[in-house]
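One structure below.
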Amino acid sequence: MTTFTHINHQGEANMVDVSAKQDTVREARAEAFVRMLPTTLNMILSGQHHKGDVFATARIAGIQAAKRTWELIPLCHPLLLSKVEVNLTALPEISSVRVESICKLSGKTGVEMEALTAASIAALTIYDMCKAVQKDIVIEQVRLLEKSGGKSGHFIAE
């Protein structure tokens, strides 16, 4: 049975010691969906939103969030990210925005939490910018899509 890496033998939470690990190239992709009314999505896409460019703001928020993940999640290591990318795609057929984030580095620990944080905060930023016109926006399906590098190998979500 696999054990939790952040829990010591006394059951206490601790930051994992990665000092003996070798640096490897690590990459992670995550996604989130933001579901809204078609009128709200059209407002974003037409540039008619009174707060400005929703996608540009969400993209920058996601990038900033990835860089600050270690400050938000208590046992995450501060990482020297070499790449953070946040892509937003309008999906009018399901009245949603898909947020995809990609984080990469060469280091001793993975970037899954950074990718998940980037996607989550970008989605929350879309909500924040649009809540004046629609309060019941739904953020859903936040998940890790893929991770590579490190001892645990390559993971691809089904």
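Backbone N, Cα and C define each Cβ position, glycine as well.
These come from Swiss-Prot:
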- Asp128: active site (ACT_SITE)
- Leu75, Cys76, His77, Met113, Glu114: substrate binding site (BINDING)
Inquiry  = Between all pairs in Leu75, Cys76, His77, Met113, Glu114 (listed as substrate binders), what's the biggest Cα distance, rounded to the nearest Å?
reply    = 12
Remark   = Simplified to three states, DSSP reports His77 (substrate binding site) as coil
Remark   = Between the C-alpha atoms of Glu114 (substrate binding site) and Asp128 (active site), the distance in angstrom, to the nearest integer, is 20
Note = Between the recorded positions Glu114, Asp128, the one whose Cβ has the fewest other Cβ atoms within 10 Å is Asp128
Ask   = Where does Asp128 (active site) sit in the DSSP three-state scheme?
value = helix
Inquiry  = Same chain, not part of Leu75, Cys76, His77, Met113, Glu114: whose C-beta falls within 8 angstroms of the C-beta centre of the substrate site? Give them in sequence order.
reply    = Thr69, Trp70, Ile73, Leu79, Thr109
Remark   = In chain order, residues whose C-beta lies under 8 angstroms from the C-beta of His77 (substrate binding site), counting only those at least six residues away in the same chain, are Met15, Val16, Val18, Trp70, Lys108, Thr109
Request  = Fill in the CA-CA distance, Leu75 (substrate binding site) to Asp128 (active site), as an integer in Å.
outcome  = 27
Remark   = Across the binding-site residues (Leu75, Cys76, Met113), the Cβ with the fewest other Cβ atoms inside 10 Å is that of Leu75
Request  = List the Cα distance (Å, whole number) between Cys76 (substrate binding site) and Asp128 (active site).
outcome  = 26
Request  = May I ask for the distance between Asp128 (active site) and Met113 (substrate binding site), taken between their Cα atoms and rounded to an integer number of Å?
outcome  = 22
